[in-house]
Amino acid sequence: MQSIPIKNVGESRLVDPFQRQYYYLRLSITDQCNFRCTYCLPDGYQPEANKPSFLTLKEIIHLAQAFAEMGTEKIRLTGGEPTLRKDFISIAESIANIDGIRQLAVTTNGYRMAKDVADWKQAGITSINVSVDSLDPKMFHQITGINKFDDVMRGIDRAFEVGYNKVKVNSVLMKNLNDKEFEQFLAWVKHRPIQMRFIELMQTGEMDSFFDRYHLSGQILADKLLKNGWTLQHKSHTDGPAKVFTHPDYAGEIGLIMPYEKNFCASCNRLRVSAKGKLHLCLFGEEGIELRDLLQSHEQQAILQARIFAALQGKREHHYLHIGDTGVRNHLASIGG
């Protein structure tokens with residue numbers, strides 16, 4: 001069994017061969033989604049017959065405890081759409097109460113926010129990311145396949161009402177679809193404490209033609225921001241991959257996630273676990289390392305942690321998107337994007 005380094009205060013025991021420390025776990029709790037986004041699940045969620053069920057609450061707790069003991073400080077609940085789980089609140093409460101977990105985030109399509117966000121806050125969710133790919137209701141419907149724009153907007157407003165100081169909003173940048181709305185998004189965050197994050201469209205196995213048609217480099221937006229007085233901010237050790245820009249005249253912020261940028265992987269600090277219990281070292285990587293067999297009792301914790309650490313020693317220095325290698329993933333919904 002490979003030895004795991006002793007953790008000092010403020011350090012993670014999860015260290016890869018390139019000395020990157022991992023403080024952040026993206027945990028998918030379901031593959032199911034009720035939206036049909038063109039860049040993710042254009043045909044809607046298709047359940048796979050005779051496949052394992054999603055991780056149980058008990059298994060999720062064992063997993064989160066193991067990662068927390070190894071230095072993970074932030075867990076993000078993803079999907080699919082994580083709030084479709086009937087035990088979503090129980091999952092959030094359980095993780096929020098684990099020693100060492102300082103941040104518990106959720107990425108959601110926002111369709112339940114207006115009704116449920118107060119319960120999320122009470123359960124211990126500290127931050128929310130909402131997907132809003134257009135501020136035009138018709139374009140929103142075209143991209144998501146669902147006519148829920150007004151519901152999502154009400155949910156964002158409700159999040160501020162119940163006490164969230166900031167909401168992060170994700171938009172997948174697509175040429176000739178929503179790229180013309182950049183100025184509209186800027187106006188939207190002028191007086192709202194929203195971090196508006198534009199995510200470059202990423203190539204996946206079954207979406208090659210879509211990528212070729214709609215991909216647009218985020219560097220175009222970065223250049224525009226810098227030209228107009230926006231300033232790039234320093235990242236903390238638990239932050240995600242976004243480059244965040246601020247402006248003294250704006251209450252909100254702009255984030256850019258540009259996976260094709262040089263050195264994108266140099267600051268990687270996050271691992272992923274799928275809804276069925278596989279560890280993924282990279283969004284564009286391998287088939288995954290099975291963890292579920294070691295999530296059945298607390299007595300398995302040391303073996304579980306050793307398996308996680310050993311797997312991490314096989315992490316690549318960077319992805320290979322720049323040469324068209326998208327890994328084995330046909331789409332990103334199965335491991336939370």
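Don't overthink the numbers, they just go from 1 along the chain as shown.
Note: Cβ is positioned from N, Cα and C throughout, glycine not excepted.
When the candidates Arg26, Arg213, Arg316 are compared with the GTP site entry in Swiss-Prot, which names Arg76, Thr107, Lys168, Arg270, Leu271, Arg272, the shared residue is Arg26. The record from Swiss-Prot ties Gly80, Ser131, Met202 to S-adenosyl-L-methionine, and of the options Tyr39, Tyr164 it ties Tyr39 to that site too.
Of all the binding-site residues in the list Arg76, Leu271, Cys282, the shortest Cα-Cα distance to Met202 (S-adenosyl-L-methionine binding site) is found for Cys282. Averaged over the domain 'Radical SAM core' (17-243), the predicted model has a pLDDT of 94. When the alpha carbons of Cys37 ([4Fe-4S] cluster 1 binding site) and Ser131 (S-adenosyl-L-methionine binding site) are compared, the span between them is 10 angstrom. A 10 Å radius around the C-alpha of Leu271 (GTP binding site) takes in these binding-site residues out of Cys33, Cys265, Cys282, in sequence order: Cys282.
Each residue contributes its Cα atom, and for Lys168 (GTP binding site) and Cys40 ([4Fe-4S] cluster 1 binding site) those atoms are 20 Å apart.
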